[in-house]
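Q: This is the structure I have questions about; it appears just below.
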Amino acid sequence: MMLPKPDSIIRDEILSLKAYHVPVSTGMIKLDAMENPYSLPADLQAKISELVSSTPMNRYPDPGAIALKESLRKAMDIPVGMDLMLGNGSDELIQIIAMAVAKPDAVLLSIEPSFVMYKMIATFTGMRYVGVPLNADFSLDMQRILAEIEQNQPAVIFIAYPNNPTGNLFDAEDISRIIEAAPGLVIVDEAYHAFAGTSFLPRLAQYPNLLVMRTLSKLGLAGLRLGFMAGSADWIVQLEKLRLPYNINVLTQVVAQTVLEHIDVLTQQAKSIMVQRAVLKTQLETIPGIEVFPSDANFILIRVPQADSVFEGIRQRGVLIKNLNNGHPLLNNCLRVTVGTEQENEQFIQVLMNSL
Ligand code: PMP
């Protein structure tokens, strides 16, 4: 008997997919993944250590993560009456939504360039993906979006607000028009909310087809993997059926709950990141030949001459950022740098200048 080969069994679209690439960063200054560069204060870290050492790990975690959800509701001002769903990172929530709506020919619509996982997960789940290009100034091309909604009748629309990797907030009234025109679900992905200060949470009551998604990753807890999503019970009850029972592990539950009780620590750190973002932007703007885009997130998009060689020069000098060249045409020669500590940002500016 012939041994089965992956290429005769695995779906064609998976065979031709390129895996999400995470570069090795050992020993480097890591400004590629929108992490918070600050650690927790020593007293809170000590409290967490104590908690971890007294948490039994022989039992499964609370499948509903009830205590953690309560802390999230308080810390994140989730509107009363809305349901909350937790994911192992918001990546997992995107996947759960796609799995729930992925009928044959169902469409997932997003804008481009945006978070690449929307398109990847559409492929994972066999959905048809429609990516609507942004205008050259990274604003929403409303005429085109409304036409594509009309034509493709998407089951789900994802809009990152602020957008990754462009860093801007879209016009909130434009997003509202999209929600009103959508024949299905609209997810406003507020992964970078902490650095923007504006939210669609207050509009949940107005729009029954809206879900608002957030994550603790950019806020300082990327290692814990905790994303959450708020919206009406009508949708969340259905989506919950696809969530694997113990997706939020016991350590994430106890640690996140404790940190959320000290949410002011994280919001203060987010404020420091916003201060450093302004400093970094000003410094970048003084370098001739670099275009710096405005940012409402914890990263800045820049356009440089010869992005590939500049990126490589920066990498060889020990700083890891993200090269977006050779991807979407709107991002030609673009690099994305996460805002780090004051020292990290200074080092980045130094190696950038040496790499131009
Ligand atoms: N949404 C957006 C817009 C993002 O940029 C990211 C991370 N890059 C995520 C969601 C996923 O975040 P996580 O899975 O860490 O919650």
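Just so it is clear, glycine is given a Cβ too, placed from its N, Cα and C backbone atoms.
TrEMBL: automatically predicted annotations, no manual curation.
Positions annotated as domain 'Aminotransferase class I/classII large' by TrEMBL: 27-352. Annotation source TrEMBL lists N6-(pyridoxal phosphate)lysine at Lys218.
Are these features on the surface or tucked inside, and what touches them?
A: Averaged across the domain 'Aminotransferase class I/classII large' (27-352), pLDDT in this predicted model comes to 97.
Secondary structure at Lys218 (N6-(pyridoxal phosphate)lysine), taken from DSSP and collapsed to helix, strand or coil, is helix.
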Q: Enumerate same-chain residues with a sequence separation of six or more from Lys218 (N6-(pyridoxal phosphate)lysine) and a Cβ-Cβ distance below 8 A; give 'none' if the list is empty.
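A: Lys218 (N6-(pyridoxal phosphate)lysine) has long-range Cβ partners Met34, Glu35, Asn36, Ala191, Tyr192, Ala194, Phe195, Ala297, Asn298.
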